[in-house]
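S.K.: Sharing the features that Swiss-Prot gives for it:
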type	residues	note
DISULFID	Cys3-Cys40	disulfide bond
DISULFID	Cys4-Cys32	disulfide bond
DISULFID	Cys16-Cys26	disulfide bond
Amino acid sequence: KSCCPNTTGRNIYNTCRFGGGSREVCASLSGCKIISASTCPSYPDK
């Protein structure tokens with residue numbers, strides 16, 4: 001599961017993933033976090 005701070009971050013993450021980037025790289029680029037829990041710790045998943 002990925003958690004992003006805002007819609008822009010989510011869009012960057014999704015575009016990066018669609019382009020073939022790894023979850024770790026895309027999360028780093030977009031400011032998102034990859035977590036194993038089902039809910040995001042510090043901000044809602046949009």
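Cβ coordinates are placed from backbone N, Cα and C, and glycine is handled just like the others.
So that I understand the layout, could you describe where these features sit and how close they are to other parts?
M.R.: Taking a C-beta cut-off of under 8 angstroms and a sequence separation of 6 or more, Cys40 (disulfide bond) has the following same-chain neighbours: Lys1, Cys3, Lys33.
Take the CB of Cys26 (disulfide bond) and look out to 10 A: across all protein chains shown you find 21 other CB atoms.
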S.K.: Give me the Cα-Cα distance between Cys4 (disulfide bond) and Cys16 (disulfide bond), rounded to a whole Å.
M.R.: 13
S.K.: List every residue in the same chain as Cys32 (disulfide bond), at least 6 positions away in sequence, whose Cβ is under 8 Å from its Cβ.
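M.R.: Listed in sequence order, they are Ser2, Cys3, Cys4, Pro5, Gly9, Arg10, Tyr13, Cys26.
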S.K.: Which of the listed disulfide-bonded residues (Cys3, Cys4, Cys16) has the least company, meaning the fewest other Cβ atoms within 10 Å of its Cβ?
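M.R.: Candidates: the disulfide-bonded residues Cys3, Cys4, Cys16. Fewest Cβ atoms within 10 Å: Cys16.
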